[in-house]
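These come from Swiss-Prot:
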- 22-28, 50-52, 315, 341-343, 423-425: GTP binding site (BINDING)
- 23: active site, proton acceptor (ACT_SITE)
- 23, 24, 25, 26, 48, 49, 50, 51, 139, 153, 234, 249, 313: IMP binding site (BINDING)
- 23, 50: Mg(2+) binding site (BINDING)
- 51: active site, proton donor (ACT_SITE)
- 309, 310, 311, 312, 313, 314, 315: substrate binding site (BINDING)
């Protein structure tokens, strides 16, 4: 009997990740690239991340729905690695529909994704306030407590909405435990079980059209030759395993997290695009070696409009850190870089780039992820000439001013990865591809 020929993986999936502390401008790139892909997948995080998309004179922030939703030919998937607040998701669906875009039939939600419950959000706020000076700087959206329940095997999943009896049972079990915490530890009010049961039974009807086995769906689509873009939230340096622990998020924004959070095998991935700002920002607490607590940092924040899309919090600003970037390139297997917000540097006569650190009198080029060591390093800078001109009209690399081109070339030489995308302004069209 003749053997059946093997079908090799298509490698038609691309992962797009943040290489820094999040807020790198991934939303613009996903929106721009979505017309080149059949499916866009969000694979981790929750409503704690905001992706801002600018088009047709509008600025839209999405927290859960993938940025590809604004391309009518693109299907969007919320993967099993995401934790979903049903209230936030339904509000977001309504917002997208109000803008005139079709959602039903174009958005699919993994039946294995976990739900963020009201008690998760309350626990998040109570726990953070109890930390005093040791606050992590969470968004208060219930992300951490939801992931805690997931890994403690107590979580409620999207699929549970489809079984009212099971949903009630799980809600009662969870609330019995959580109400003890509210009553005995935090000395607060309990959450009413019956009202929550009624509320979440309604979510079954509203979310049912979107729920499916997305792992099965995605693998079938890949076998049929469809292309997939996997969209990460936050950034590599906030990864729960590879980030600046404990000042991290509760999930895995890395390229490895793309596989576990979507159900797509690694051998389907052909490219890993790393998104980085031309400078650096961080929201919340945690070590930040190149942070600028001076007029330069204020200028970066003001020109770059550096306020969190989710919380509105002011972002901490500093020069780009290539020690951290080299680490991100290695951990994620990045094949190309997308450089965003280059226009924010237009008004600087000199631009500094951190190439190494000083630690206890020694120069180091490796990134320490433990908070204590990272807090002790001092950045060593290389100073480059600024360009003091706008590149907003440039649509080719050659059309950019020489100093801006040299800045990009310097990053490529140091990181040994090509920069294939350069954002020279917030608009969709203000983009240079190479």
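Note: Cβ is positioned from N, Cα and C throughout, glycine not excepted.
Sequence features, as recorded in Swiss-Prot, placed on the structure.
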residue : record                 : DSSP class
22      : GTP binding site       : coil
48      : IMP binding site       : coil
234     : IMP binding site       : coil
312     : substrate binding site : coil
424     : GTP binding site       : coil
Distance from residue 23 (active site, proton acceptor) back to residue 312 (substrate binding site), taken between C-alpha atoms, in Å:
12
Pairwise CA distance, residue 48 (IMP binding site) versus residue 22 (GTP binding site), rounded so that it is a whole Å:
11
Report the member of 28, 313 (the binding-site residues) whose C-beta atom has the most other C-beta atoms within 10 angstroms.
28
Nearest of the recorded positions to residue 314 (substrate binding site) by CA-CA distance, picking from 23, 25, 52, 234, 424?
23
Out of 22, 312, which of the binding-site residues has the smallest number of neighbouring Cβ atoms within 10 Å?
312
Residue 424 (GTP binding site): tally of other CB atoms within 10 A of its CB:
25
Measuring CA to CA, name the entry from the binding-site residues 234, 313, 315 that ends up nearest residue 22 (GTP binding site).
234
Please name the residue among the binding-site residues 314, 315 whose C-beta has the most neighbouring C-beta atoms within 10 angstroms.
315
Looking only at 48, 52, the binding-site residues on record, which one has the least crowded Cβ, with the fewest other Cβ atoms within 10 Å?
52
Spatially closest candidate among 25, 28, 342, 424, the listed binding-site residues, to residue 313 (IMP binding site) (Cα to Cα):
25
